[in-house]
Amino acid sequence: MAYLQSLLLLHLIIFSIMNQTQVSLCATQKTLILPLKTQTLPHGLVPKRQNPTSKISFHHNVTLTVTLTVGSPPQSVTMVLDTGSELSWLHCKKTQNFNSIFNTLSSKSYSPTPCSSPVCRTRTRTLPIPVSCDQNKLCHATVSYADASSMEGNLASETFYIGNSARPGTIFGCMDTGFSSNSDEDSKTTGLMGLNRGSLSFITQMGFPKFSYCISGRDSSGILLFGEASFSWLQPLNYTPLIQITDPLPYFDRVAYTVQLEGIKVSEKVLPLPKSVFVPDHTGAGQTMVDSGTQFTFLLGPVYTALKNEFMQQTKGILTLLNDPNFVFQGAMDLCYLVPLNRPILPQLPKVSLMFRGAEMVVSGERLMYRVPGMVRGGNSVYCFTFGNSDLLGTEAFVIGHHHQQNLWMEFDLVKSRVGLAEVRCDLASQKLGLGV
């Protein structure tokens, strides 16, 4: 799971990304295109399915989630889409907190993984917590997250379906015990789909060399794609290499999508910071991860403070500070503003550019501010800056969340070890593929 996934499950709107799977053939390999549809839903409402035989449902509730089918006969499950973790897992035991489960007894293709299997002995080496052997000599796995949430269960193999494509023998965690810091939100999903570069991640097991997604910030459409993206309308991507560290370090995730952040600009002013503050130290602390399982972007303390001060300086006379030292949104976002309720749009704001080696991510307009749901102060809404302080969360890393990846084509290339991005209107891209509303 992403470092911050469960920490970000408070007071957020629910999006639903419903998609209809289309399988197309590129010149070199099969590509799975999953069109996304987003709509704002009342809390807890599940979208209606429009074509049950070919539909994969997405919805977006702080994290992105995918609904697909697993087992024989197929059962519908909903999984968090997470580039920040490896092991995919499902709840397999119904409890008071977790109502959506995968029923192993109903599936003819379910097979638990014994401790003696090569999967248990060799392919689990990059999991953060080593596997163990339970009393039934089955491979026992534990996953634990930064907010103290944890899940335990056995590794197993099962048939997963992406649209009409069956993937038998997929390894996942069948979890029967656990603790969640936010059981109300977690009860809406069945599990998590790990998409990092580890041996057991979903994308590694599927055998695709790359995958992409495009999240619309404008309307209800978007794209998730496994395989090669060859579209004439997609401008060339700017690539930034993945940082490779072979030696095990205590605070460095070697299978994350780690890139090198080299600087930050506000408008055209580069923050006066040495490049060394963006480089991981001898313990591995300070890596920069691209993470679909975290909503906002979090920066280590000195970098966050410099960005906060410069943004405040450039928005003097444009925005009114909240000036409430007791209010910190989601525990790490302490730069907030008052915006009159009768103001239809935000004023023009200075853009923030994240400068990577070989690529740049520009955050502008509405993506810079997030309205705190339900909070009103004297005729004003409260908006918070969408960058937070990693130090306040106890996270020793820079984390680039999916809110700042909106309207970007994001490609994760496992073969060439790089991440590519290009600006694109994701709603229009969806229409070009015939997947729009």
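If you go along the chain as it appears here, the first residue is 1 and each next one adds 1.
Including glycine, each Cβ sits where the backbone N, Cα and C put it.
Annotation comment: TrEMBL describes 1-23 as signal peptide. According to TrEMBL, the feature domain 'Peptidase A1' maps to 64-422. As annotated by TrEMBL, active site applies to Asp82, Asp291.
Neighbour counts of Cβ atoms within 10 Å were compared for the active-site residues Asp82, Asp291, and the top value is held by Asp291. Taking CA atoms as the reference points, Asp291 (active site) and Asp82 (active site) are 7 Å apart. Mean pLDDT for the domain 'Peptidase A1' (64-422) in the predicted structure: 90.
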